[in-house]
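Notes follow the structure.
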């Protein structure tokens, strides 16, 4: 071996096009589409995929993890509490005990999304970045999939028609915006859906309401993470993430139960 690298331009292009075509053909009809690759979305993806559920995660940005990367006000740590710490430990994430706080741990705000994303991918979930969900497929009073567009095309303001992905269930894990639910409410006012938005910060109340607010809010459409609190007017929490991970896990468990009973 002389160490010379092959770099034929056309071969590179052909390889990308063939691989991309095969990938899209495989994911245009799935069990679950998760909108938003933040902490709750990645957690839901991991638990769904490791149970054999065909899962696609769509993220508008070119990286997954949502707001985790920035830690608290840019300081590179987040806080997680019991029992949510077990979710991170399963993904091989190192946790440090907090002096004087028996149930609180800190974690590296870069390590957490990196390893949680890899855990979801290794479980079998497909994560696509640079894709925005601009609408939902609504058939016979049930959500049946998502309408997707390139985020670059959307940002450029170009009028180009979108494509679609069919799904048995859709999860809105878009965070504070609850963008999928907002879109459903705005475009289908006859459904009577309202999104009051989240309240101001009350960390303990917000954390404890997250799993309670995680549910199917319309046939085929679930909310988890901060989208759940935004839909139910729950409190925000700041840089403590345990409720987010527990919300994602609960959402996955609810859908798994639905799929098993079908």
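Even glycines carry a Cβ here, placed using N, Cα and C.
Note that the structure is predicted; figures quoted are calculated from it, not measured.
So that you can see what the record holds, here are the features copied from Swiss-Prot:
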BINDING   40, 59, 60, 67, 133, 159, 160, 161, 179, 226  NAD(+) binding site
BINDING   161, 176  Fe cation binding site
BINDING   236  glycine binding site
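Among the listed binding-site residues, namely 133, 160, the Cβ with the most fellow Cβ atoms inside 10 Å is that of 133.
It is 30 Å from the Cα atom of residue 40 (NAD(+) binding site) to that of residue 161 (Fe cation binding site). The binding-site residues shown are 60, 133, 160, 236; of these, the one with its CA atom nearest the CA of residue 176 (Fe cation binding site) is 236.
Residue 161 (Fe cation binding site) sits 17 Å from residue 60 (NAD(+) binding site), taking the C-alpha atoms as the reference points. The highest number of surrounding Cβ atoms within 10 Å, among the binding-site residues 60, 176, 236, is found at 60.
For residue 236 (glycine binding site) paired with residue 179 (NAD(+) binding site), the C-alpha to C-alpha distance reads 17 Å. By a simple count of nearby Cβ atoms, those within 10 Å, the most crowded of the binding-site residues 40, 179 is 40.
Across 40, 59, 60, 67, 133, 159, 160, 161, 179, 226, which the record gives as binding NAD(+), the greatest C-alpha separation is 32 Å.
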